Amino acid sequence: MTAPRTPRIPENLDVTIVDHPLAAARLSTMRDTRTDNASFRASLRELTLMLIYEASRNLTIRLEPIQTPVSPTLAIRLANPPLLVPVLRAGLGMADQAHALIPEAQMGFVGLARDEETLQPTPYMESLPDSLAGRPVYVLDPMLATGGSMVHTIEMLTGRGATDVTAICALAAPEGLATLAAANLPVRVVTASVDERLNEIGYIVPGLGDAGDRQFGAV
Ligand SMILES: O=P(O)(O)OC[C@H]1O[C@H](OP(=O)(O)OP(=O)(O)O)[C@H](O)[C@@H]1O
Ligand SMILES: O=c1cc[nH]c(=O)[nH]1
Ligand SMILES: [Mg+2]
């Protein structure tokens, strides 16, 4: 008897896959071992633009009367800009681009390093506003692998009152999506791809390797 296959996208998790050819082209550059650190960072920045553009489609707006050179009209402003939270190190490569698109946004920071033996996240930094009640939060991390780092990050956020979290990832593994769904957290996921699986050492397959090392060099 064969084991039941893990569904790639859990039914109870809101997952948006940005499967645009330009997003796929940037992701392909990031996957390619021939891509150097600088080109990897440039492709991640460009992919982040597309992910944020899609993620922010449903942000609430407010209207403000303004005057064009021709007539009065109503300007559209963001009513409640999201808090941007890059997860160090790898999420740093998404931070500038996300901030350029949403300049009104505030930014918080979380630092996590995954123990490569246990695959558990070890926190080393948390710089967040005391209260996140009523504020949308965008977590920026290129990789959702086992999901442990994302669950840990979202629990930091919900502990401060967040109820509306978007995980913005270049890549997700089915196992990470299943972990997020099982954690029953107020999160939706926006990603450019749901890859095949994790390998025996917790890397996404086909994936792109270690997103921190690919940007900044091995530590
Ligand atoms: O879903 P998980 O199994 O928890 O793995 C994903 C985490 O791994 C990577 O960070 P890493 O721990 O390598 O730190 P780095 O960004 O400093 O390289 C990545 O940026 C995620 O934060
Ligand atoms: O494939 C993976 C898994 C976790 N973290 C990464 O950077 N890459
Ligand atoms: Mg890493």
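Cβ atoms are placed via backbone N, Cα and C, with glycine included.
What TrEMBL says about this one:
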type	residues	note
BINDING	Arg89, Arg114, Asp141, Pro142, Met143, Leu144, Ala145, Thr146, Gly147, Gly148, Ser149, Asp210	5-phospho-alpha-D-ribose 1-diphosphate binding site
BINDING	Ile204, Gly209, Asp210, Ala211	uracil binding site
DOMAIN	18-217	domain 'Phosphoribosyltransferase'
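The uracil site is defined by Ile204, Gly209, Asp210, Ala211, and by the 8 Å test on Cβ atoms against their centroid, the other residues of the chain that qualify are Ala90, Pro142, Met143, Tyr203, Gly207, Leu208, Gly212, Asp213, Arg214. Asp141 (5-phospho-alpha-D-ribose 1-diphosphate binding site) has Ala211 nearby among the binding-site residues Ile204, Gly209, Ala211, counting only those with a Cα within 10 angstroms of its own Cα. Listed in sequence order, the binding-site residues among Arg89, Asp141, Gly147, Ser149 whose CB lies under 6 angstroms from an atom of ligand 2 come out as none at all.
Secondary structure at Met143 (5-phospho-alpha-D-ribose 1-diphosphate binding site), as computed by DSSP, is strand. Cα of Ala211 (uracil binding site) to Cα of Ser149 (5-phospho-alpha-D-ribose 1-diphosphate binding site): a span of 14 Å. The Cβ of Ile204 (uracil binding site) lies under 8 Å from the Cβ of Met143, Ala145, Leu171, Ala172, Ala173, Asp195, Arg197, Leu198, each on the same chain and at least six residues away in sequence.
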